[in-house]
Ligand code: VG1
Ligand code: CO
């Protein structure tokens with residue numbers, strides 16, 4: 001039943017920040033998925049007879065792609081394939097299944113927060129045995145292989161039924177369709193005080209969680225409404241749809257604006273939250289208070305000991321470089337190490353495996369811990385619920401007290417989406433060349449203390465990653481960071497991260513845009529954003 005099919009390399013199969021992401025029609029090309037999946041397996045050794053986990057976020061074309069992945073995996077010699085029912089597994093749940101069942105690795109079909117549908121995006125990502133995204137060394141090897149591939153091996157069999165929980169046999173190998181939620185829910189019950197959170201709901205606490213018609217729906221419905229007995233209707237858009245209902249499943253202040261507006265009404269829910277397409281991001285808004293992901297990381301690290309799974313304390317905190325330095329203050333106070341890594345969860349894996357970090361986070365709405373090797377949206381919501389239940393205070397009160405104690409890091413990210421690649425690259429090149437001359441320059445009240453091109457030396461495996469973002473530091477502690485997105489699928493996306501530290505509680509309740517106004521103006525001036533991109537304003541501010 002195994003066939004060897006001749007093929008030729010296809011352009012542009014280089015994985016980005018988080019796997020290979022392209023427009024749907026690109027993925028639908030003949031042999032596109034086949035080439036990439038065979039290239040993954042060609043770069044792995046010793047998986048004969050072992051377990052592979054397969055799942056995705058339920059978007060358009062996932063079912064077709066999953067059939068191909070399973071058939072190629074069987075033809076290449078995997079012994080057991082675990083597939084989420086309906087082809088669904090959230091990214092953190094896939095990470096958990098890989099770890100829990102001792103799998104060799106996993107393949108996750110997702111373009112995460114990117115839109116889905118015939119004109120949307122599709123993505124595919126390989127995770128290694130620790131449950132985390134493959135490190136750069138592996139993704140680069142896969143890319144090299146895609147440029148040389150001449151054939152793939154595939155099982156010639158009818159499509160499998162992915163919807164019934166069952167075990168299918170293929171010779172000595174099995175394909176098991178598993179409940180995507182139960183193992184994950186059990187893990188959450190171990191980490192958090194479900195009784196206390198249930199009591200919080202019973203006391204009248206109101207949650208509104210928007211699954212954005214993406215993968216977290218079934219997880220959120222089970223955990224919040226069934227296990228924690230939150231009021232029916234606490235979970236919105238709980239049915240995963242192939243096109244996410246035509247929406248952009250990105251839980252930010254633009255695409256989840258309705259939640260923000262709801263939370264800002266005087267009788268709004270106590271907590272509004274959301275997750276993205278594949279369930280690894282989170283949005284946290286208390287009544288009257290939006291929590292930036294960078295602040296959320298710091299607050300979680302400072303309060304994690306209130307949750308049973310973290311009662312022993314936090315060993316270290318890791319954040320991506322552009323993430324605000326709010327978490328650094330917490331690490332200082334707790335006298336634990338703080339690691340600054342490049343953007344992308346794959347850089348946290350080694351630190352988590354080595355027990356050097358317990359809590360990790362990114363400014364892009366990603367927070368997580370050593371419980372899996374991916375960021376985890378529902379985990380973050382449960383952590384907040386556990387903290388709120390334990391402290392008996394509102395989100396706003398907790399945030400305000402945190403700032404008074406540690407200082408506030410005003411923070412914004414400006415995205416210039418789908419600009420022309422040539423212009424974006426020219427901007428970065430010009431700024432990189434100018435970096436050495438920036439030190440000591442004065443702009444109004446702002447004086448540049450230093451500027452550099454961030455590179456990371458992994459303290460665990462000794463690998464180096466260069467050109468991970470251009471940083472400009474100011475003498476008053478402010479900072480501007482520039483980098484190009486590695487997840488976009490059209491043109492280039494320039495991300496500009498702007499931050500200012502404010503220790504004085506009397507000045508901690510200013511509008512973010514006002515608190516950062518001079519830095520924002522300067523961010524355009526220094527890099528010539530308008531000149532290089534032709535854009536007068538960012539497309540998204542988060
Ligand atoms: C973005 C975020 C990054 C995140 C990545 C994947 O990458 O900035 O922090 O890890 O998306 O998240 P980039 O290269 O576009 O800036 V997800 O939820 O899309 O897997
Ligand atoms: Co995601």
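The backbone N, Cα and C atoms fix where each Cβ goes, glycine too.
If you look up TrEMBL, you'll see 1-22 marked as region 'Disordered'. Feature annotation from TrEMBL assigns domain 'Alpha-D-phosphohexomutase alpha/beta/alpha' to 13-152, 183-285, 294-406.
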Confidence summary for the domain 'Alpha-D-phosphohexomutase alpha/beta/alpha' (13-152), mean pLDDT rounded:
97
Residues of the same chain, at least six outside the region 'Disordered' (1-22), with any C-beta under 8 angstroms of its C-beta?
29, 31-32, 34-36, 38-39, 75, 108, 110-112, 114, 121-126, 133-134, 139, 142-143, 146-157, 170, 343-346, 485-489
Per-state residue totals over the domain 'Alpha-D-phosphohexomutase alpha/beta/alpha' (13-152) - DSSP helix, strand, coil:
50 helix, 36 strand, 54 coil
